[in-house]
Amino acid sequence: MNALEITQKLISYPTITPKECGIFEYIKSLFPSFEVLECEKNGVKNLFLYRVFNPPKEHAEKKHAKEKVKPLHFCFAGHIDVVPAGNHWQSDPFKPTIKEGFLYGRGAQDMKGGVGAFLSASLKCNPKTPFMLSILLTSDEEGPGVFGTNLMLEKLKEKDLLPNMVIVAEPTCEKILGDSIKIGRRGSINGKLVLKGVQGHVAYPKKCQNPIDTLASILPLISGINLDDGDEYFDPSKLVITNLHAGLGANNVTPGSVEIVFNARHSLKTTKESLKEYLEKVLKDLSYTLELEPSSSPFITASHSKLISVLKENILKTCHTTPLLNTKGGTSDARFFSAYGIEVVEFGVINDRIHAIDERVSLKELELLEKVFLGVLEGLSKK
């Protein structure tokens, strides 16, 4: 089967987070020679398929210790869950439709197209040297993600099955297939700052202490401020205010406090501690409370790594373009792999219609992406 045929089948399952809808049974049926590991918690299902090709023999000096030499373990990872389709589609979002060179359906780009491409490439994998190939899929990436990839990786660590390298087939490209590889992601810190004042009647300002006035004086130092200068792969870390709230709704009462909710997307140069230190300097001598809660950590895979080199080589060969290495965008499951010291990158189709009405992927993209992924498998298994 090719990438198009598999992707069509995947789209036909209405796997809105965290529903799995039997899609894993279909995927397992494609790989009868692979070992299967599954885990389920709180309605979230995860699937891990793996196979060791040409298992290496024990080194003579290690025979007594019964230690086997481990082959390179490469993993394709992704999610089969999708966001709700909404209304006003030109066709049924869960009935894959081909029109004018595009495949339409919810998840076509995010990310059943990428999954279909790597499943098809994996079916064609036939290395001549010792090589371990695995596939990790979850039904909860678009949701909280607590019991998805993160949980499965805990199980894999327990069983000594963690991969060495991973490609997460998220839709990373902007205009043409091959123009972008995500080699890392920024971290995310959620914050809440409450500036305290003294509530009172607006007619007696000397008896009040309006925290909004206080906020106005420090706002230029916190709203949209760059926390560092970034680097070659990371944009400058930035603090962005997402919500402000003050007052009782009455026009003759000054508020007793003002609440500022914010988020900081940050590089490796900024941490929770450095952000706290900066805000404490800005807020010196003011009455306030501050809460900071990291929701994800920044990470990056070295641009000279074997995985990135092989991927770039096959993108150039297949797509005739040199990809930009970057860390733009929101968080993804790639961060969970990085936490275990695993080389991980993200590469997939164009992302111009993710989560949108009439989501679609071009048939040519699926064909080329499968070739890139197969080339990566061949390249890694030879090295």
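Heads up, the Cβ atoms here are built off N, Cα and C, so glycines get one too.
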For the Zn(2+) 2 site that Swiss-Prot assigns to Glu142, His355, which of Asp92, Asp110, Asp179 is also named?
Asp110
Site co-member for Zn(2+) 1 according to Swiss-Prot, given Asp110, Glu170, out of His79, His88, His201:
His79
Give me the count of other Cβ atoms within 10 A of the Cβ belonging to His355 (Zn(2+) 2 binding site).
16
I'd like to know which of the recorded positions His79, Asp81, His355 sit within 10 A of Glu141 (active site, proton acceptor) at the Cα level.
His79, Asp81
Asp110 (Zn(2+) 1 binding site), number of other Cβ atoms within 10 Å:
26
Which one of these active-site residues has the most other Cβ atoms within 10 Å of its own Cβ: Asp81, Glu141?
Asp81
In the same chain, outside His79, Asp110, Glu170, whose C-beta lies within 8 angstroms of the Cβ mean position for the Zn(2+) 1 site?
Gly78, Met111, Gly114, Glu141, Glu142, Val168, Ala169, Pro171, Ser332, Gly348, Ile354
Quick check for the class: what is the C-alpha distance, in angstrom and rounded, between His355 (Zn(2+) 2 binding site) and Asp81 (active site)?
12
Any idea what DSSP makes of Glu170 (Zn(2+) 1 binding site), helix, strand or coil?
coil
